[in-house]
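Engineer: This is the structure I have questions about; it appears just below.
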Amino acid sequence: MTDLLQSVVNGLLIGAVFALVAVGLTLIYGVMDVVNFAHGEMVMLGMYTSFFAWSLLGLDPLLSIPLAGVSIALTGALMYFGAVGRVLGKSPLAQVIVTFGLQVFLRGLAQFLWTPNTRTVPRPWAAGLRWEIGPVVIGGPQVIMAVGALLATGAVAYFMNRTRLGGAVRAAGEDPAAASLMGIDPRKMYALCWVIAGLATGVAGALLMNSYSASPTAGVSFVLMAFVVVAFGGFGSITGAALAGLLVGVAQGVVGLYAPSYTLAAALALYLVVVLVRPQGLLGTR
Amino acid sequence: MSAPTVLRRPSPARLSGPTGRRLPSWGTAALILAALAAYPLVFADSAAHNIGILALTFGIAATGWNLLGGYAGQVSFGHALYFGTGAYTTAALVRQGWSPWLAIALSLPLAALLAAAVGWPCFRLRHHYYSIATIAVAEIVFILVTNLPGLGQANGWELPVVEQSLANLQFSLLDKRPYYYVALGFFCLAALAVWLFLRGRAGNYVRAIRDDQEAAAAVGIDVHRYKLAAAALSGAVTALAGGYYVMYVLFVDPPSGLGLDLSVSFTLMAVLGGVGRFWGPLLGAWVLVFVQDVTRQEFSGSGRSVDLLLYGALIVLVSITEPGGLLAIGQRLWAPVARRLGGGRGGKAAPEPAGSAEVKP
Amino acid sequence: MTGALLRIDNLSCRFGGLWANRDVSFEVEPGAIVGLIGPNGAGKSTLFSMVAGAQRPTSGRLEFDGRDVTGWAPHRAARAGVGRTFQLMRVFGSMTVRENLTTAAFGRHSRLRDARRRADEVAELAGLGPVLDSPAASLTAAWKKRLEMGRALATEPKLLLLDEVLSGLTPTEAREAVEIVRTINRGGVTILMVEHVMEVIMPLCHRVVVLHYGQKISEGTPEQVAHDPTVVEAYLGKAL
Ligand SMILES: Nc1ncnc2c1ncn2[C@@H]1O[C@H](COP(=O)(O)OP(=O)(O)OP(=O)(O)O)[C@@H](O)[C@H]1O
Ligand SMILES: [Mg+2]
């Protein structure tokens, strides 16, 4: 029973990071109808940024959050202007393939520059924290990651739902032609999506360095999880992704308790069930 | 209206650009076959033979992928599942003492059935939903095979080294030409099967489904059935590659037989060479295998590899410049040359749509 | 009345809170040209989709050629003899015009040679000759509409559903298209057509059905319908 409670708590905490990774993915999908297969690689680059901020500048992962966010936001802009933006309106296949190509490219780049070895920040500040609530033990890094991720996710949701600019992004996503008649340049809004997604994944990467290690393939499991989360929350729905992230985190935590090797398999099975039975997701209406 | 045309949601009709015939003529086929047959004689060293063997083998898999992903428009990122079915079935039976020929032959209907079984629910999904579902299925199988006892788990399976003969599908590693020619034979078989499928009604039907599923149904095409048919043949062809690959390297484990990277590479080969074009996947496979081989030598020992980097860059470059792949680029470069050479016959290489569209009905 | 080719019986279709069609009933007798008119959003295309099997009715019954075809899959409806065009043209873009027609003809002819022959016949009839080898994606809207018609015809339908194949054409193009419709009809194909242009409907159609907000508000000869006060009101004073 205690184990179960512990797994649920752990799951909730990591679920917040899933949510943060997923909001960028669902944002790009919802606005541009593009699935960013390179999303996990953006997280991976965020992790490396945070790692090098520590190894070169001695910065704790918590302090490198802004740096990682900005760096990956720039990376996102580069990905948009250099590749994704150039295939809009071309064949759907080209649109799917281009982010796939980016994924391979970024992973290859990391492998080339930094070798396949894993990199860890040995003693982040958060590792010194630890709470015990009844029988449940909560580690500092987990809490820091969850709190940071929730704040960042909330910021993205706030921006999209409450600000004028966020409204413009949504308008561009719903009807690019009408939006441009209203003076909104859809392509600027698309680029903005990539910048936001970059910010979110960069922040996620830095947060993750509190307890994970960076490697060229570090992003893979996160992007697969993010697909599950995005489907679960309804493709394109930010609130949906945020809630689904927590749910999927808990599900993963619980499955991990009984069958640790099968957490990803269970999540993917969940994806299949969701898209086949309720394609609009839990909250989606489409 | 100030909205630039690029912002319109893409129509599936333009998946691989407008053009009519995509099936090869006998002349082209004979020419390519002759070149392939001559290759190991022209390039006599074992490394070149190795490249050829791998390129043909992966060319088979990518050709299988292309049938479903390129012609029928169902972009699968999980084709390693069928490659793995071929590899694992063959490995399992050969380890039991079966003839590899029989083992490979048996794996084909198995993969076809599996592809149909996966397609049955998944073909209700479209576009990205389908593509991600194929990843999910393949990854689930990958995880199961890695963890469940009975299929070698993460350690993989080795195949016994036996007497070298055509019947055993094992040859000398010093002179790899027999491996090459068997691979060529299998490639011809795969190409023929795909060509036969695409040539008649089925080929028209799957292209119609790719272009517009609703319109296809409206002219009487049983969309689901033809997707399943394409998936089954596609799966079988890909399994053929897996079966032969495992006989060549005599080893299979989850990453080399079922990995996501493998699925990705089939897609990338087809896309690089020319998706929805008959010879595209083979060309793409050849280029990728070659690039990989060259870069491996160049950077060996440093622990770094540049091949992924190059693949990725190539793919991005192809998708933003010419989604029709290297073949389309080649055709475009060749068209003016052909026009100058052939005078009146120039239109054949690149159909000119502009003139005809201006005719008023 | 047992001779009807198509019998639409209390057919309804609901999208969320919106009834795109509500309790629509009418019949189409073999050999007729029946017009289906109504203001924008009246539910005409939705009705077509239900007849063609592309949209499942919420309730009601469809009988075609003596069989209950309610809820049939679209390819089955097509095989049974329902051919249709799409209002927003949906040609097979990567194929040439000839391949488009051949693909449709394969439904009744499994051999390539026979399908090709049928395609050529249809091309002749629909006047698609000049663009036969052009990629369909490169056609103008007018040609695409004609290709839609040809492609539906190539399936050798008993009933042809034409959804605004004349709108957006120049007067000359429209006149030609009307001639094609007449020729198709003389060849024994029953036609149910959606059209906005009354000048076209009046001389062409034997009978007209009017939809408004999903419901049938009038039915009769073109003259009767044109002078029906409910119809005039539905169009809000639009000259008929
Ligand atoms: N798939 C759908 N989901 C939700 N609403 C739909 C759907 N298809 C049609 N509608 C709605 O149903 C109503 C009827 O649409 P329909 O296209 O049948 O009208 P129509 O008579 O063909 O109009 P038009 O003359 O503009 O072609 C419209 O209000 C439309 O918005
Ligand atoms: Mg309509």
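Note that Cβ sites are derived from N, Cα and C of the backbone, with glycine treated the same way.
The following feature annotations were taken from TrEMBL:
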TRANSMEM  A:12-31  transmembrane segment
TRANSMEM  A:63-81  transmembrane segment
TRANSMEM  A:93-113  transmembrane segment
TRANSMEM  A:133-160  transmembrane segment
TRANSMEM  A:189-209  transmembrane segment
TRANSMEM  A:221-248  transmembrane segment
TRANSMEM  A:255-277  transmembrane segment
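Just tell me what is around each of these and how deep it sits.
Structural biologist: Outside the transmembrane segment (A:63-81), and at least 6 residues removed from its termini, the chain residues within Cβ reach (under 8 Å) are 38, 42, 45-47, 49-50, 53-54, 102, 148, 190-191, 193-199, 201-203, 205-207, 209.
Below 8 angstroms of C-beta separation, residues 12, 15-23, 25-27, 29-31, 37, 39-41, 43, 153-154, 156-157, 160-161, 173, 204, 264, 267-268, 270-271, 274-275, 280-286 of the same chain, each at least six residues beyond the ends of the transmembrane segment (A:221-248), sit close to that stretch.
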Engineer: Run the contact check on the transmembrane segment (A:133-160) against the transmembrane segment (A:12-31): 3 or more C-beta pairs under 8 Å, excluding pairs closer than 6 in sequence.
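Structural biologist: Between the transmembrane segment (A:12-31) and the transmembrane segment (A:133-160), which are separate recorded stretches, there is contact, as judged by 3 or more close Cβ pairs.
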Engineer: Under 8 angstroms for C-beta pairs, at least 3 of them, ignoring pairs fewer than 6 apart in sequence. Is the transmembrane segment (A:12-31) in contact with the transmembrane segment (A:255-277) by that rule?
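Structural biologist: Since fewer than 3 Cβ pairs under 8 Å link them, the transmembrane segment (A:12-31) and the transmembrane segment (A:255-277) do not come into contact.
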Engineer: What same-chain residues lie close to the transmembrane segment (A:189-209): Cβ under 8 Å, and 6 or more beyond its ends?
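Structural biologist: Distal contacts: 17, 20-21, 23-25, 27-28, 31-32, 36, 39, 42-51, 53-54, 61-62, 64-65, 67-77, 79-81, 84-85, 88, 121, 124, 144-145, 148-149, 152-153, 156, 159, 165, 168-169, 171-173, 179, 222.
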